[in-house]
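Record features, source Swiss-Prot:
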type     : residues : note
COMPBIAS : 1-11     : compositional bias 'Basic residues'
REGION   : 1-68     : region 'Disordered'
COMPBIAS : 12-22    : compositional bias 'Basic and acidic residues'
COMPBIAS : 52-61    : compositional bias 'Basic and acidic residues'
REGION   : 162-189  : region 'Disordered'
REPEAT   : 288-325  : repeat 'Pumilio 1'
REPEAT   : 344-379  : repeat 'Pumilio 2'
REPEAT   : 380-416  : repeat 'Pumilio 3'
REPEAT   : 520-561  : repeat 'Pumilio 4'
REPEAT   : 562-599  : repeat 'Pumilio 5'
REGION   : 639-702  : region 'Disordered'
COMPBIAS : 643-652  : compositional bias 'Polar residues'
COMPBIAS : 673-685  : compositional bias 'Basic and acidic residues'
Amino acid sequence: MPREKKKRGRRAEKSQSKRKWEDDEVPTSPKRQRTADEDNEAQAGDDYIPLDTRDTEKEQEQGQEDDTPFYGLLDAEEQEYFSKASQTLELNSFEDDDDKRLFIESVYAEARGKELKIACRQVKTLFEKFTGHFLHLVQHRFASHCCECLFIRAAPIVTSEMEKPKDRKKERKQTIENNGEEGGQDEPLNQRSAMELFLGVISELEGNWGYLLTESFASHTIRVLLLILAGEPLAGQSNARVLASRKKENVDSITPTSQSELTIQGSRQVPVEFNNTLRRMISDLSAGLNSTYLQALATHPIGSPVLQVILSIELGCMGTEKLKDKNSVFRRLIPDDTLETKEEGVNFLNSLFYDPVGSRLLETIVRVAPGKFFKTFYKNIIRERIGSLARNEIASYVVIKVLERVSREDLESAIESILPEIPSLVQRSRLNVIKTIIDRSIIRSADTASLAKALESAYGEDGLARLKAILGVETKDKDAEDLAKVKPKAGTSPQHIHGSLLAQSMLQASGTLAAMIQSSFLTAPTETLIQIANNPTASRALQEALKPSKLNTQFRRQFLPRFYGQMCDLSLDSSGSHVADALWDATSDLIFIKQRLAQELADNEPALRDSFLGRAVWRNWSMDLYKRKRGEWMSKAKGLDNTKVSPSTADSSAGPAKSKLDLARARYAARAEQQEKPDGKDQGSRGKKQALSAPSGLLKAQ
């Protein structure tokens, strides 16, 4: 193939340098430059569409007018360093605590002077650096996450400073001694407390609540601030949904390793200044919002979560005084006489049942509303139509919250109303309402016989088909199994998760509901049981069925022999290994079955030791003890401790374990005391003293 002719040597270099010099001289040429419009006109043709630059010019003008500060960017080396540091901290692969401390100190030293570019500074120092910039940071896509994390980390510091004030001068002196003058120069003596820093953030954001309430990123930060000021848990199940958008940045993938995140699971003590600031903040957030605007905000995808937090704080933290206050957010959203007159307010509440966003607000109201309001709400709006609401995909979640609050009589009445809808719910795999009914029936001691009959008629009388329908397990051929091993595993469907949870709830309920699942397990062949055990979702129901209790002893006696010859395969599977561990507790009162299963593990020792999962099962079954000290393993298998020789020494927390000589002395003393009981009290005490001294005399004689 012919090649392109190219010049080589000094002539080519000379021509390239000349061309480069000419290119550099172009911008300084006095010749008038052709504008973009002229260029477009010159190139215009029949099929030419001119480029509209008006939008670009407007964006540039808006960008020039925007006063959002630019804090700079990290260079490539700094980005690579902090990215690797973040990965190292997430993996937490340090040899010891000193190694981790030295690594963190080196990261702090590298981050000095770059606090507004990254968020890896000590909490209060970083708080000081961010002060004055929070209004812009909370509206930034990534900086808003930094602010939320900073506030969550600083919340426990407020409580700790209230409990025990710290001597900041002494603290700074210790820092200088540990890290030198360079380590203590960034911590001034007049460093503000965490409470003052939070109050400074609120004062900095004041006057801007109106548009921050519905701002896509700042609204998340407002929710965090509200919960911190109220002292509410920041990691609870009820507040986790409204804190932040977890799907946006995949926040759940980061595993929390700090102890400060573990201290915010429950309610915290907050200073009085926080209560006053919280009332003022809620008042400013809702200032100028009438009932019409609040009802529109209830279905707003960004503003509704903030409204949920405000209502939960008003109804849960501020007492009953807010219910009587006509200016409160709750009373402006739902007036006092709304539920009685059945006017526009009732229509508004009915519309929330079927709205994806408004139903979440209704769940919050049902969860935190006072008992008087809830009874009226249930009587006038929900009770007569709870069956149709349970059938709806969105309204069913509100029904679940309602079922968690009703009394035993109302629960039984609700069950009778929902029973006609059971076949439809089973057919469409909407099992969360049924699971909630079973859970609440266990707590309220309600009758579930009618529910069991409805479920049996919906799933059929065939036990194996019923088990497969509930757990979502299908029989696979060998070719299909080989194909599944090659293909990547897909995520578990919600229908299978709900089915597994329903089976677990049925097993926890005594009577007919548990018998339905147990009989289904007994009718299933061994291949199906192994398939269920190796399924990460369905195996949970199998583990629940294996939990020992007095009511399922007969079931376990019939069911456990089905695992003979399967222990090795179960131990080498990621889900089946959990079932193998559950078999240890399941055979606590069936020692002959436990010995048979343990012998299977011992026969397959090489395969188990070559696998990480197999080694875990080997350790949990104490197989080393089984091979070397069979008697001690038998005591452990029966649930007995070696130190528990007699009832008098059963309490191991009373003192250290007694030696054989001490135990012999105790038995000798007890025997002597029984022999001296027919005599008088004085003789009994004298005989006891002689008995206690007898073993020591015998020891000296030896």
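Just so it is clear, glycine is given a Cβ too, placed from its N, Cα and C backbone atoms.
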Distant-in-sequence neighbours of the repeat 'Pumilio 1' (288-325), which means Cβ under 8 A and at least six residues beyond its ends: 210, 213-216, 219, 222-223, 226-227, 230-232, 238-239, 241-242, 278-279, 282, 331-333, 335, 348, 352, 355, 357-358, 360-361, 364-365, 367-370, 373
Where else in the chain does the repeat 'Pumilio 3' (380-416) make close Cβ contacts, counting only residues six or more beyond its ends and a cut-off under 8 Å? 339-340, 342, 346, 349-350, 353-356, 359-360, 362-363, 366-367, 374, 424-425, 430, 432-433, 436-437, 440-441, 444-447, 450-451
On the 0 to 100 scale, where does the mean pLDDT of the repeat 'Pumilio 2' (344-379) fall? 89
Within the repeat 'Pumilio 2' (344-379), how many residues are helix, strand or coil going by DSSP? 30 helix, 0 strand, 6 coil
